[in-house]
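Working notes for the structure below.
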Amino acid sequence: MSRYNSKETEAKWQAVWDERGSFVAHEDPDRPKYYVLEMFPYPSGRLHVGHARNYAIGDMVARYKRARGFNVLHPMGWDAFGLPAENAAIANKVHPATWTYENIATMRAQLKTLGLAYDWTREIATCAPEYYRHEQKIFLDFLKAGLAYRKESWVNWDPVENTVLANEQVIDGRGWRSGAPVEKRKLSQWFLKITRYADELLDAIGTLDRWPDKVRTMQEKWIGKSSGLRFTFDLADDPEKIEVFTTRPDTLFGASFVAVSPNHPLAARLAASNPGLAAFIAECNRIGTSEAAIETAEKLGFDTGLKAIHPFVEGRTVPVHVANFVLMEYGTGAIFGCPAHDQRDLDFARKYGLPVLPVVVPDGADPAAFEVGTEAYVGPGHLANSAFLDGMEVEAAKRAVIERMEAAGKGEGTTIYRLRDWGVSRQRYWGCPIPVIHCDKCGIVPVPERDLPVELPTDVSFDQPGNPLDHHPTWKHTVCPSCGGEARRETDTFDTFFESSWYFARFCSPHDTTAAFERGAADYWLPVDQYIGGVEHAVLHLLYSRFFTRALKDCGYLAVAEPFEGLMTQGMVTHATYRDASGQWLYPEEVEQRDGLTVKRGTGEAVEAGRLEKMSKSKKNVVGLEHIIDNYGADTMRLLLLSDSPPERDLEWTESGIDGAWRYVARVWRLITEPVVPLAPAGAPAPAEISGKGQAVRRIVHKTIDGFGDDVEKFRFNKAVARVRELTNALAELDGKGAGEDWVLREGYETLVKLIGPMMPHLGEELWQGLGHSTLLTDSPWPEADPALVVDESVVVAVQVNGKLRAQIPLPRDAAEDAAREAALADANVQRAMDGKPVRKLVYVPNRIVNVVV
Ligand code: ANZ
Ligand code: ZN
């Protein structure tokens with residue numbers, strides 16, 4: 001028996017696919033298209049098996065759709081700009097480009113060993129000027145369309161990385177990479193006007209019915225639409241007014257303070273003559289502007305001494321505080337606080353001794369006695385202590401207050417969004433240069449299109465902290481395209497989410513030198529039919545891409561509004577973690593099991609076996625791709641990655657799991673390469689006679705085809721694998737001796753090979769060839785399930801003798817008359833009723849009844 005040699009076989013078929021250009025995609029108007037895309041990787045170094053899950057899923061879908069007759073686009077590329085390259089440059093004195101392209105080469109080679117059905121002719125790297133020149137052009141078009149603008153804004157400053165961080169890069173008040181406490185600074189920055197699309201982006205979530213609910217909910221929350229009232233408070237001894245935004249206008253009579261953000265202009269004005277307040281503001285700025293930072297910090301306020309006049313209660317005033325929990329970037333940057341009905345306001349009121357006056361009373365409670373203790377009341381009820389609102393329900397009271405404010409000209413009902421415009425400026429080298437020029441005379445001048453791309457200089461130094469583009473001796477000095485005078489280039493580069501916001505469109509015509517993408521190609525391929533990636537991108541990358549697609553549409557680049565029709569977010573691959581006595585992480589191959597204990601390999605030292613965690617270099621709980629591919633082959637790994645749990649759930653990688661997958665591979669190999677009887681020739685017509693066992697196996701074959709397709713369409717890959725394993729068992733049990741079984745075995749084996757093809761394509765090709773085919777499995781159509789064999793196999797048929805029901809017998813569906821007659825007459829009850837008389841007449845209605853007349 002020849003053992004399956006995965007190494008040779010896999011290399012062989014990869015070369016064949018490559019030579020034939022099997023996966024090179026062309027637009028073909030005569031075939032339905034299918035664009036499947038896995039989120040492209042950042043070239044960080046090496047891939048481990050945890051990364052491979054994403055690609056195994058994508059390839060399953062791509063190969064399956066291809067076999068079903070779709071014209072499949074399945075490309076791969078590199079999200080190649082980003083901080084790690086610069087950090088490597090600083091740490092190891094290697095140029096970011098060198099580091100990046102070396103990693104790309106390593107990872108490309110690794111991916112190729114997986115046998116993925118990519119159209120490698122479409123490979124792109126976003127750090128190439130051939131790519132980013134187009135995004136500079138896109139930016140100029142956005143600028144013209146008013147979708148890009150510059151403004152002074154508070155930014156999160158990472159004092160270690162020396163760069164501005166997006167809010168989402170600040171985690172618990174610290175930089176996401178450096179872990180350093182983030183500071184606030186004011187800088188002039190470039191922004192993209194994503195807020196112009198807030199409503200559209202929100203509404204269209206309803207059309208994304210092939211997206212996971214949790215992702216849709218996260219996007220909804222991120223956009224954060226709130227309806228309420230915007231109105232102004234007059235101040236008692238100051239001409240200034242304070243405009244606030246509230247979603248609870250009904251609680252206005254319970255207001256006990258007004259608070260403004262530390263970055264509110266009023267706070268700045270007062271601080272100029274109030275050192276205590278100035279110090280307080282400085283303290284607030286130390287914790288960063290992110291919501292997360294503010295949420296976790298202790299709520300602090302500073303009483304300005306000013307009094308705000310209650311708009312509806314003659315003579316009532318409330319103190320004006322500067323409070324650290326009021327965000328300048330949300331609403332108006334100022335609020336009124338109603339402690340009885342808002343927990344944050346309540347905590348604040350208790351701390352600063354402010355009144356707590358309930359104005360919404362739960363139904364059934366006595367308005368005179370209802371009190372709020374340590375928990376704010378946020379439920380429904382009727383208004384009390386609220387003049388003209390008394391007795392109303394909350395919603396009616398909201399409307400009444402809005403109406404009054406509008407009538408009095410003091411405010412208006414309004415809708416606001418949590419979504420902020422997207423700050424795209426980064427003070428970094430390894431990113432796409434923002435194509436504008438600063439001229440003292442002309443201001444900001446866009447780089448003329450003929451001068452694109454603005455390329456990064458290659459001779460940069462990372463010896464100084466900060467932005468190497470800014471330190472470069474010559475790069476930023478240029479002439480103004482408008483007046484010809486001396487001018488400076490913009491030294492900010494784009495946030496790297498810029499590149500990933502349109503790469504899926506670039507894949508439609510990746511080598512077009514004249515445009516970001518060719519319109520016809522984009523119209524043909526877009527939207528992406530199936531996008532696959534990690535749920536960590538649920539908000540930003542996906543929202544930015546949705547925004548870009550709309551913006552590109554408005555700028556005439558393409559026709560679709562939504563980039564990704566279907567989205568699947570796969571779970572993580574986890575592995576146990578290990579530490580030695582000194583707390584050092586250990587690689588899985590550094591430990592072994594001895595007498596039921598986990599010990600250090602070789603030394604036998606005790607090892608602490610820790611939790612299952614996402615595979616990551618930092619905890620060393622990774623299993624290298626090479627190790628698995630060398631020992632088991634890519635197909636075995638792919639099988640395990642698809643079979644062990646539903647794709648959206650986490651999957652635990654274990655030694656026993658990969659062993660089990662390998663045993664299955666070996667079993668299929670043996671089964672098909674060593675058939676129990678010589679198989680019927682390929683393509684032979686079905687024999688006239690097939691044994692009962694053979695027919696039963698055929699039913700399993702066709703039911704498997706049917707169920708497998710359904711499972712794949714619904715991403716139940718683990719179930720699909722389970723079906724294929726059952727089919728394997730059924731085929732193994734057929735001894736081939738009965739009538740037509742050699743033909744049944746051929747049909748069964750060929751089906752099995754076709755079904756495993758999208759998961760284990762190398763094994764599939766090898767077996768396909770072994771079954772005597774000269775075409776590639778990759779080019780073979782998907783098997784069709786015979787509907788007659790898929791329906792339930794047996795039906796209950798009634799047997800009557802001289803008009804009286806005598807028996808109910810099981811028969812194969814659509815059984816022939818001969819078989820039905822034979823079975824009916826063999827039944828004991830029927831024989832008793834016939835009492836030895838000969839049959840005079842027999843009428844058979846298939847699947848229903850056998851009528852015997854004696
Ligand atoms: C008075 C009030 C009474 C409020 C009450 C709530 C409950 P969402 O739903 O998230 O939009 N708010 C408004 N602007 C703010 C800012 N810039 N920073 C921090 N908080 C702000 O929340 C809207 C509510 O959050 C607003 O309604 C306001 O407090 C507060 F019983 O006004 B409310
Ligand atoms: Zn000029």
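From the backbone N, Cα and C atoms, a Cβ is placed for every residue, glycine too.
It should be emphasised that the depicted structure is a prediction, and the values quoted were computed from it without experimental measurement.
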Annotated range (TrEMBL: motif ''KMSKS' region') out of 329-333, 614-618, 769-773, 779-783: 614-618
41-51, 239-249, 459-469 - the one TrEMBL records as motif ''HIGH' region': 41-51
Around the Cβ of K617 (ATP binding site), the count of other Cβ atoms that are within 10 Å: 13
Selection from 221-405, 613-653, 699-817, the stretch that has most Cβ pairs under 8 A to the domain 'Methionyl/Leucyl tRNA synthetase' (36-170): 613-653
Tertiary contacts of the domain 'Aminoacyl-tRNA synthetase class Ia' (613-653), as residues 6+ beyond its ends and Cβ separation under 8 Å: 6-7, 9-10, 45-53, 56-57, 59-60, 110, 113-115, 212, 568-578, 585-589, 660-662, 664-665, 715-718, 720-722, 759-763
Within the motif ''HIGH' region' (41-51), residues counted as helix, strand or coil by DSSP: 3 helix, 1 strand, 7 coil
The motif ''HIGH' region' (41-51) [mean pLDDT, rounded to integer]: 92
DSSP-derived helix, strand and coil totals, residue by residue, for the motif ''KMSKS' region' (614-618): 2 helix, 1 strand, 2 coil
